[in-house]
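K.L.:
Shown below is the structure under consideration.
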């Protein structure tokens, strides 16, 4: 390495000669940087080297002589490489100082005429509707530009998205660039977001970023790799604008001849608007004001874009076309704006369900499958068009099913995803052929891996077990083999109807049912995937109408499963009520039957494999609910039914160590098992409830406790045809009119699947038959829909019973709907009806059949003339009686009363209650006990608290009988005397009545002998303390009392020893400062 001044000088001359030989225009900046590097690397030279000093002088002379004519002489090359090198040497990126940008009011530039400015600015690619998460690609076109081809664009500091894109400057408010060449070639772009005006006037409104959107952007920035750095952009800048650019603050633009005009320069900017229109009440949307300035601050161009709506939800129809903001003709854009969108921006899928990382691969594989299907079904020319159309529609119409919180029987996996297309039949057929093949690991392992990833993500979110990833899209092909012949015939008719191409274009179709099976009790959430869905459609599972239906979009519907009378597979069909005018008036029997028939006979549409399978698990639900009731009684808390069963059986007990103990345990277990085999589930639950009765614990057991769907034991027992359990529950005070989450009462459940005896029993209990379910059906409609078809199966007696029940339902339908099951003036002993006398008898079907044969003929005609207030049945929850009222009389008394006072006693005067039915038994229990045991009772009526006086109420206790002969012999004096006596007696009775109405309170003694004296003592003490002198007897006495109280409380709380210890500790900490010693010396 050479050293010394001569060496550096020789290197300088040789380097300059070499540069001038190769290129006639030496770059002074490049020359300076190279020479400085050589000088630093040379150990013998320094910064004070004469060669370097001569270099600086030479540079100054050369710069002074060549700068004025630099552009004319072409010393600085006007190509991208030279300008980029110049930018890299003089400008550094990365914000290091806090932003303190000056405030700029955009309304000051509204009235500037764009035609008077030297340049013209056009904005292309701004959509009409967008979201805050969507990044838009805006194309800028500068017309009438300078003769130069290349420029620098400088973006405002308030619109930069990330810290690494800022230009590092010591003064952020200074917009000039240190290098003069860069500064002169820079165009400064400004952007302001404004609220659009109602008309074409310039009445715009300034906007800002609201606090909610700032917090959202903070969370968004904190998720990046840069972390808190980008988060600080939204914290320390008060003038942050609502439009941001995801680009460097300073970059180069060039004209590559794309526009065909050398005076036009184009460049693109990824842009995002970060605030919603509704946050600023911008009903007409936002507009963006763009300004273009030079390095001196003069405005060169101005433009205002068309309005854009920033909405929360994505527009349903993706037909928004980019608009151009200019008066000139704009050529169509060929760039794909979706490349700047987030992966979830085009999916109708909530943000809490993240997409897998390889979702793009899945879309590619889907297109490949679509291409193969198209190649198999069409010729080569049609394939190209179909593939383009299908791919475009796949990008625009990708819909995922709603991930609502499903019920306990529903599962979701990635195989449930359905890509819908509502406009192209070829894509519809290709999707059907693709979905019928299912996911197979051998045929497509990539899809299997992707499916497992998505299923794992869903399992982490829902916490439930998911289906296997190898499960096919549809049910097994042999599902139809289990259907009845009549069901297959009806399904053929529907499938033939759906096979018409014209009908498929306009009618809804179901492609998938999730889950594919559920309980016959209903109540679970079922998701339907298909096409052409709309709000207002009626979903039917077999002949049962769904409890509720909600349309999410054209390809997804969410329904709730209705109860069914029998298990097995059924077709899921769609009914369009708009095709037939439905009569919803259910008050009359004619209109009710007509509306039901209209629903049953409407045109049904379904897919080829829309099948749902009902599973009978009512026994299990009954056992679980009964175990929960028992566990609540045993432990005082709700537990899982499995744990309660283990505790009852004794599985938690430790096993015996000796063989004799094991043998005895096994023998007892075998005997218990043999005993349980002879007892069915109904008898088991019945015996458990009776055991509470025998132990006098029935009042503490809540027999009306419900499950997660709001159904009680009475609901499930009536649905499962358990007549004995229903009778026992009604006798022990179970609630008769309770409704579940979907509005079903026990009568509704009995009309769907219950025995006719159960329906009649509930009707005799005078339940409210006019209660409607959530979907607007009453019990009679369910009874007609589920029993009209099977009417011929019953015997002659049951057919007559069917007619009798239908007559009662029709007759009661026209009556009052607010009748309560029981009234206050009915005898309490009548609540224990003879229907429940035989508790220990075997409720065999033959015996019950004989009972109904014996009583139906006698009771039906007589009860038809009875008033609802005089019905003999058990106590319902809505009547307000305690459960103990049902047990006030023995079964023998109830039977004797029922046989003695039959319904014929009321046939003479239906509105008058006989005197024999008036009770003389006082209600059992106080108001507090009733409040604890019957929390669901209604409040007492005014007539119950203050009963009306009877019409024959007399003033005196004596009654005077006046015969017809004596009344004729009365004189005028006697009448006057009797009238005066009556007035005096009436006055005396009036005074007695006033005093007799005095109410006795239990707290009168407490008020007179404690509270009033205590109040007087406190008032006296307060008066003496305020009015007396400081040294009087009262104050001295109060001080003594206070001292003794303090000492006494201290002894009680701390004790004598503790008090002494604490006192000594306080004395040891006492600081005397030698005062005692000084006093002792003196």
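Heads up, the Cβ atoms here are built off N, Cα and C, so glycines get one too.
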K.L.:
Out of 46, 169, 415, 468, which residue gets the phosphoserine annotation in Swiss-Prot?
P.N.:
468
K.L.:
Match it up for me: which of 437-456, 457-476, 477-496, 497-516 does Swiss-Prot list as region 'Disordered'?
P.N.:
457-476
K.L.:
Determine how many residues of the repeat 'ANK 1' (709-738) DSSP places in helix, in strand and in coil.
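P.N.:
Here the numbers are 16 helix, 0 strand, 14 coil.
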K.L.:
How many of the residues that make up the repeat 'ANK 2' (742-771) does DSSP mark as helix, as strand and as coil?
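P.N.:
Taking each residue of the repeat 'ANK 2' (742-771) in turn, the totals are 17 helix, 0 strand, 13 coil.
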